[in-house]
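One structure is given here, and the rest of the page talks about it.
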Amino acid sequence: MDEESTKERLIPREYGESLDLGIDFKTTEEIPVPEKLIDQVIGQEHAVEVIKTAANQRRHVLLIGEPGTGKSMLGQAMAELLPTENLEDILVFPNPEDENMPKIKTVPACQGRRIVENYRRKAKEQEGIKNYLLMFVIFTVILAIIMEPTATTLLMGMFVVLLSMMVLSNMRFRNTVLVPKLLVDNCGRKKAPFVDATGAHAGALLGDVRHDPFQSGGLGTPAHERVEPGMIHRAHKGVLFIDEIATLSLKMQQSLLTAMQEKKFPITGQSEMSSGAMVRTEPVPCDFILVAAGNLDTIDKMHPALRSRIRGYGYEVYMRTTMPDTIENRRKLVQFVAQEVKRDGKIPHFTREAVEEIVREAQKRAGRKGHLTLRLRDLGGIVRAAGDIAIKKGKKYVEREDVLEAMRMAKPLEKQLADWYIENKKEYQVIKTEGGEIGRVNGLAVIGEQSGIVLPIEAVVAPAASKEEGKIIVTGKLGEIAKEAVQNVSAIIKRYKGEDISRYDIHVQFLQTYEGVEGDSASISVATAVISALENIPIRQDVAMTGSLSVRGEVLPIGGATPKIEAAIEAGIKKVIIPKANEKDVFLSPDKAEKIEIYPVETIDQVLEIALQDGPEKDELLRRIREALPLYGSS
């Protein structure tokens, strides 16, 4: 198999002058934006249907997915779907029998304010009567002193006035104590409550009772006045949203489970050192719908009973990260841009050409052929950055060049780090792009999600330290998957090399990988470096590569093909080897595509044919490998 038959220059995916967006418009001003939040959710049709069903049947929902895929938006949308006619106000009353157990009462929305106002008015009326009584006592004493101006009359008068003031003051305090406190006020709400309890501590989530430093002498604050509702109570008849629910302690998750089961939860002081710990109200209604969110790790860290409750009385939904690249879905991205402009309120609308560039970026970030990304928060960041640039330039609309400039200016931290990494390593010749080196290869890796780096890897062969067998020794802060991938490489080497490998120790070093390496996409790079060191054949340094490797010698697909290739371009590398399966995942702009030659491969021998320098040793090596690999029918 010659190099010309292996080499295939990829055709960029629709990176032309125009893109079919499925709708005719000049600017996003013409695009209608739905009023309901549920209609603004893009690409998560399955999740939308579940949310609608859950809202109708009052079921709990667990949303699992990556950040920026619309989990919190779905929670807010659910609150819009809930009815408002069932909303209630919650009041706390003093308990004359036990002041440390205030009474709880629920009334229809808006009646709570009227009840509190009535109690306050009665208290003020009684206050007026007491003032009149005090004035009458003072007037009577003054009259008595005038009629009989003796020392005894004066002293008795002063005593009567002071005693009257003390009695009336105590009566005033008691009347004030009888006024209830409005814990939850839903008056005037046009939609059901939506409470975001992400990261809340115990007092904020479950309710608390404030500490009272004055607990004697009539100076203390009544217990019911110190009761504060928790977020579970504020979400009564609405939605309680908790992102990264696994960050809650197991004790809080257990309390949350109790509240979900009983639909009511008493409020008590959360601190043992506070006087509020002595107060415990009657159970306070908290009939909420829980919308919990998190990533896949969340499932392992959740309280088993809490997850069982959600699964048994609700739904679990996995949020998609991509959607098919269809005309209908492109139309949805146009709507998304219009929504972001309207939601921001400070940036101008986008021209059609600018929206096309956003859609192209969505194609690129999907990382899969025929798909668009659904990590819309990141795309929204580009929309806002482009709008800021257009405002700075004094433009009426955001144009294509503003979007391109925004993508350069608003690079994520990982991309800035990757650019610095490549520049720094090239300056000190850690990354080489010319000539040939034995046992040295330019691998490719990804930092974060969309930032590629060049990863130099070196291998040397030394006589085995053990008489029994040789070892593969790897350094460079590798993760578990990366270590296992290196072990898989040894299977191919043993197969073509035979027993001779037992006489050697093979050392593999990932150069200056202080950030660590994880994943198996460096497998073909390690295999190439080791084989080069064993056979003493130089590797071309103008070639970079990425790909996973099976023990049968097949090159398997990897993630992040496009950012890896872009990193190679920025490093000055001329050729890149990628898995054949990732061929259509590559999405490069025309100016970048012309700077690189891309070689899709299916087997390790195709990798070596491109990466190793020509010579009779290379031809003999390829012959032996093809004879040894089971892919070519060898036993």
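A Cβ is built for glycine as well, from the same backbone N, Cα and C atoms used for every other residue.
Look at Swiss-Prot and you will find 1-131, 174-635 tagged as topological domain 'Cytoplasmic', backed by sequence analysis. The ATP binding site feature in Swiss-Prot is assigned to GLY65, GLU66, PRO67, GLY68, THR69, GLY70, LYS71, SER72; the stated evidence is sequence analysis. Taken from Swiss-Prot, the feature transmembrane segment applies to 132-152, 153-173. Under the heading domain 'Lon proteolytic', Swiss-Prot lists 435-614, citing sequence analysis as support. Residues or ranges marked as active site, nucleophile in Swiss-Prot (evidence: similarity to another entry): SER521. According to Swiss-Prot, the active site annotation covers LYS564, on the basis of similarity to another entry.
Cβ atoms within 8 Å of the centroid of the Cβ atoms of GLY65, GLU66, PRO67, GLY68, THR69, GLY70, LYS71, SER72 (the ATP site) belong to the same-chain residues LEU63, ALA293, MET319, ARG375, ARG377, site residues excluded. Remote same-chain partners of the transmembrane segment (132-152), defined as residues 6 or more beyond its termini with a Cβ less than 8 Å from a stretch Cβ, comprise 158, 160-161, 164-165, 168. Across the topological domain 'Cytoplasmic' (1-131), DSSP helix (H, G, I), strand (E, B) and coil residues number 56 helix, 18 strand, 57 coil. Between the CA atoms of THR69 (ATP binding site) and LYS564 (active site) there is a gap of 24 Å.
Classification of the residue listed as 'active site' by DSSP places it within a helix. Note on the topological domain 'Cytoplasmic' (174-635): its mean pLDDT in the predicted model is 86. Of the listed binding-site residues, namely GLY65, GLY68, GLY70, the sparsest Cβ surroundings within 10 Å are found at GLY68. SER72 (ATP binding site) sits 33 Å from SER521 (active site, nucleophile), counting Cα to Cα. One residue stands out among the recorded positions THR69, SER72, SER521 for having the most other Cβ atoms within 10 Å of its Cβ: SER521.
Looking at GLU66 (ATP binding site) and the residue listed as 'active site', their Cα atoms lie 21 Å from each other. Counting only the Cα atoms, the space from the residue listed as 'active site' to GLY65 (ATP binding site) is about 24 angstrom. In this structure the alpha carbons, written CA, of GLY68 (ATP binding site) and SER521 (active site, nucleophile) are 26 Å apart. If you count neighbouring Cβ atoms within 10 Å for each of the recorded positions LYS71, LYS564, the highest count belongs to LYS564. Rounded to the nearest whole angstrom, the C-alpha distance between GLY70 (ATP binding site) and SER521 (active site, nucleophile) is 30. With a cut-off of 8 Å between CB atoms and residues at least 6 apart in sequence, the same chain places ASN295, ARG375, ARG377 near PRO67 (ATP binding site), listed in sequence order.
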